[in-house]
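Trainee: Sharing a structure below in structure tokens format, with a few things to ask.
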Amino acid sequence: MSVAEKSQKKSGGLGETVSVIVQALLLALVIRTFLFQPFSIPSGSMRPTLLEGDYLFVTKWSYGFSRYSLPFGPDVFSGRIWGAEPKRGDVAVFKFPPDPSVDYIKRVIGLPGDKIQVKDGQLFINGVGVPRQKVGQIDNRDITEENGPVDVYRETLPNGISYDTLDLTPNSIGDNTREFDVPPGHYFMMGDNRDNSSDSRFTVGFVPDDHLVGRANLIFFSIGGSASPLEIWKWPSLMRASRLFHFVN
């Protein structure tokens, strides 16, 4: 084999490697843009359903696509395309309306045209109280962030979706609200940790449909103690193995 042939062979090998890397990056970008986006839970507002240190996949196609759900926010169209409407009870990721650079995750409680109110800690939708049953207490700081037992209530929405909520403080500021009229094209979002959630009762306000990013789908990793998934040496003591590969409900 001549020197030229050897050089050509080496060059071809390097080019092939670069091509494979570029293709892999493009595939990852397509998957993240249109199919699944990884998301980490930034706060305790969705406890006990989601915990800080949970890492989950968000399905991007569930609600279609908008300028806010696509990378870099291209302003090439308005509204949403190819999407279904969120269902009441969905856990959804969305852009914070006052600052779309910030992602939030909450539960869809109010649909366009609904009237939403909280009275004495009970949720009312269109004047009808949502069934709220005390199902026990949780005495686990990793789940509640509290020292001592916390009351847990199970709500069942009109469409049959049930989930647990935490009641940290009786008669808190969020336990009694005015009645909110959800405007067309908007949604009313609430955290399951009702006494420790910045949501549509407060600064979040109504969420426009084009601010929706996707629906929370599957927890693929979870670690406590404010540890990073890259700190592998902490996995044996801090990984929450029981939460892995659980669907978000």
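Any Cβ shown, glycine's included, is placed from N, Cα and C.
Below are the features I grabbed from TrEMBL:
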DOMAIN    16-221  domain 'Peptidase S26'
TRANSMEM  20-39  transmembrane segment
ACT_SITE  SER45  active site
ACT_SITE  LYS106  active site
Trainee: Compute the C-alpha separation of SER45 (active site) from LYS106 (active site), stating it in Å without decimals.
Mentor: 8
Trainee: For LYS106 (active site), what is the secondary structure state per DSSP, taken as helix, strand or coil?
Mentor: strand
Trainee: Check each residue in the chain of LYS106 (active site) that is at least six apart in sequence and keep those whose C-beta is under 8 Å from its C-beta; list them in sequence order.
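Mentor: Same-chain residues close to LYS106 (active site) (Cβ under 8 Å, separated by 6 or more) are SER45, MET46, VAL91, ALA92, PHE94, MET189, MET190, GLY191, SER197, ASP199, SER200, VAL204.
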